[in-house]
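What TrEMBL says about this one:
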- 28-51: transmembrane segment (TRANSMEM)
- 43-294: domain 'G-protein coupled receptors family 1 profile' (DOMAIN)
- 63-89: transmembrane segment (TRANSMEM)
- 101-122: transmembrane segment (TRANSMEM)
- 134-159: transmembrane segment (TRANSMEM)
- 199-227: transmembrane segment (TRANSMEM)
- 239-261: transmembrane segment (TRANSMEM)
- 273-293: transmembrane segment (TRANSMEM)
Amino acid sequence: MGTESNGSLNRLSVFLTGIPGLEAQHGWFSIPFFTMYMVAIVGNSLIMAAVQADSALHEPMYLFLSMLAISEVGVSVSTLPTVMGILWFDAHRVDFDGCLAQMFFIHTFSCMESGVLLAMSFDRFVAIYNPLRYTAILTLPRIISMGLGVTLKSVALMAPLPVLLRQLPYCHINILSHSYCLHSDLIQLPCADTKLNSILGLAIVLATFGLDSLLIVVSYGLILYTVLGIASGEGRWKALNTCVSHICAVLVYYVPMIGVSVMHRVAKHASPVVHTLMSSIYLFVPPVLNPIIYSIKTQPIQQGIATLFSCKRKSI
């Protein structure tokens, strides 16, 4: 089997798989996928616009929520070109460098999403543990620093992945198992040892998603301990009620991720369609559901979006 040298990588392309066995129905599948993209992008954009426009929403909780919206729009926009290209135009081939770029942005924004969810759990802990000093502790400079820290960490951890992949020789058969480029797929392609890439990928997963999820659990352990110390039942309920939206966002993000991991290990011989749909749920569902969850459960966000539309109508 022949290989592609580093000098010819600019001519190398990869073949992205759509929905295996259901290629004839791609046109029908494009409808729900495009709907999900529109809901995710428009919904999260509305949250960002509402937080930016309404001074009443310039509080730590809503500033972190706008960061979550940015990362979710980033994930959606990163996968949209290839997914809709396959479903609408049967465009399965993508340039290798373009594939590496997509992989970098998908993983970077996913890592940012996990980091923001951790920051939001810290926000909920501070709000419940020390409500009188909440805004004094989480000042705007600190929130910006936390956001920049999450962004820089995500970029720094993901940047080596495409660089290392580009150094390897590749076989002529370059077929990926998804409609987008992921590191776990790409490390199967080189005609060389990818042990370093695999170890680095595992280390990044543990340092980001693993550590973030552990710290989120610790944060909620501290929140529960604090809530149980509140004398009145009504006070305990009100404190926990402020965490419901964030708990839903954490579950929506981590449960599909765990499901995909379990499927790859327990159900290796399941239909490729099942694996494709599970991976799609992991990437597409959180950006769709989170703006809906926060819009339904958080009245200030509802009011901010309503104010946004009323201002638009007045300006017309």
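Each residue's number is its place along the chain shown, starting with 1.
Backbone N, Cα and C atoms are what each Cβ position is placed from, and that goes for glycine too.
Under the criterion of 3 or more C-beta pairs below 8 Å, with sequence separation of 6 or more, the transmembrane segment (134-159) and the transmembrane segment (63-89) qualify as touching. Under 8 Å from some Cβ of the transmembrane segment (273-293) lie the Cβ atoms of residues 17, 19-22, 33, 36-37, 39-41, 43-44, 46-47, 68-69, 72-73, 75-76, 79, 106, 110, 113, 177-180, 182, 245, 248-249, 252-253, 256-257, 259-260, 263-264, 267, all in the same chain and six or more residues away from its ends.
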